[in-house]
Amino acid sequence: MRFTKWNFVMLVLGNLIYMADLIVDIWVSVNFFYEGQHIFGILAVSFVLIAAGVVQCFSFMWYKEDFQKTGQKRLSCSLLIHCFQGGIFTRYWFALRKGYCSAFQYPTNFSTPSREEPTDLHQKVINEAADLSMLRLFETYLEASPQLMIQLYVLMEFGPAGFTQVAAIVISCCSISWSTVDYHITLRKSLPDKKLLSGARPRLMYLLYKLLTFVSWVLSVSLLTVLNVNLGLILLFIFWLSGITWACKQQTTFCTSKGMEILYRVVVGFILIFTFFNVKGENTKFPMSAYYIMRLLVTLGILAVFWFCTPPDEHQDFFRAVTLIIVGALLLGILFLIVYYTSFHPNRSEEKKIFDELDGRTPPRACRIRHFLMQ
């Protein structure tokens, strides 16, 4: 398996989107405080800090595991870098440096032992890119998704959006879409026993399925929050608690330590608020079907409750448009989900049932990413 020039371009774009999303989130937080909306400012800053802390924590633990495998014991420098929130940027630096050498230069130009095979060099870069894609996925759903819901709530509650809000909404959607698709592609590339997700149409179908179901859901929850903040928070907490419970029931084995495994399951529960994924590499046909059926019923219930409690007359047209977007996005998202699994999934020619990325078989090499798998 080779790390290609296109993979390097994807890595660069992922880095740029990550930095743009971080800058805009900080900008939005500052703007909230400047406009006197201190509660939204505190919430925005809190999600940025929590997401950063979780990402740095996982990044350091992975460095620690890798150092232990190679016999290295000096972790003080790595710990200091992660404490100052530099872990993911350090990973990007090494991944971009190695990726450039692997994709554009002859392997012997790269500063590694001469006895190392070119295939090993490419595989190392692919593994580092896989770690980065997973960390971006954590950051996206812990930071960008809540930030997007805050922006939508402010838009629905307080009227027309300014440039800052529009920029935050667009960049959050781009970040979520990119990290989801990039993770899916990188996952398959990092596992030698899995077929690659190649071609524009399969990737487009997967992107549209994820993006549309996500947009429909965050708009629905934002509507409920506009109607009653407490109801919206209770619904999110129920989904979070259900996600944690399901992760515990699956007996996930993502981390080597018990404390990090608990943190991982908490993160899993939070991500399951927004989208479904396979957390253990097993057949999830029925759980995934139940998840989206429940999402469909809850969305319809939210719309029914919202229109039963009629919104103000001056906002009727706006909320009517939002309702149409919710229904249309949800139906199209489910349609693209069906089309993807029946016509474009890489394993469709081998498997008659709907499977996620793994079907319980252990791949030929150990890899962190195989323990955390989206469908």
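Keep in mind that glycine also has a Cβ here, set from the backbone N, Cα and C atoms.
What TrEMBL lists as transmembrane segment is 12-34 (among others). Long-range Cβ contacts of the transmembrane segment (12-34) within its own chain (Cβ-Cβ under 8 Å, at least 6 residues beyond either end) map to 40-41, 44-45, 47-48, 88, 92, 96, 132-133, 136, 139-140, 143-144, 147, 151, 164-165, 167-168, 171-172, 174-175, 178-179, 182.
Same-chain residues lying 6+ beyond the ends of the transmembrane segment (40-63) with a Cβ under 8 Å from its Cβ atoms: 22, 25-26, 28-30, 32-33, 75, 78-79, 82-83, 85, 87-88, 91, 131, 135, 138-139, 142-143, 146-147, 150, 154, 255-257, 260, 263-264, 267, 368. The transmembrane segment annotation in TrEMBL covers 40-63 (among others).
With a cut-off of 8 Å between Cβ atoms, the residues of this chain six or more beyond the transmembrane segment (162-185) that come close are 10, 13-14, 17-18, 20-21, 24-25, 27-28, 31, 133-134, 136-137, 139-141, 144-145, 147-148, 151-152, 154-155, 196-197, 203, 206-207, 210-211, 214-215, 275, 374. Among the features that TrEMBL reports, transmembrane segment is placed at 162-185 (among others).
Feature annotation from TrEMBL assigns transmembrane segment to 206-227 (among others).
Nonlocal intrachain contacts for the transmembrane segment (233-250), taken as residues 6+ away from its ends with a CB within less than 8 angstroms of a stretch CB, comprise 221, 224-225, 264-266, 268-273, 279-280, 282, 287, 298. Residues annotated as transmembrane segment in TrEMBL: 233-250 (among others).
What TrEMBL lists as transmembrane segment is 262-279 (among others).
The transmembrane segment annotation in TrEMBL covers 291-309 (among others). Long-range contacts of the transmembrane segment (291-309) within its own chain (CB-CB distance under 8 A, at least 6 residues past either end) are made by residues 213, 216-217, 220-221, 223-224, 227, 235, 272, 276, 319, 323, 326-327, 330, 334, 337.
Here TrEMBL flags 321-341 (among others) as transmembrane segment.
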With Cβ-Cβ distances below 8 Å as the criterion, list the same-chain residues six or more beyond the ends of the transmembrane segment (262-279) that contact it, or say none.
54, 57-58, 137-138, 141-142, 145, 180, 210, 213-214, 217-218, 236, 239-248, 250, 252, 254-255, 287-288, 291-292, 356-358, 372-375
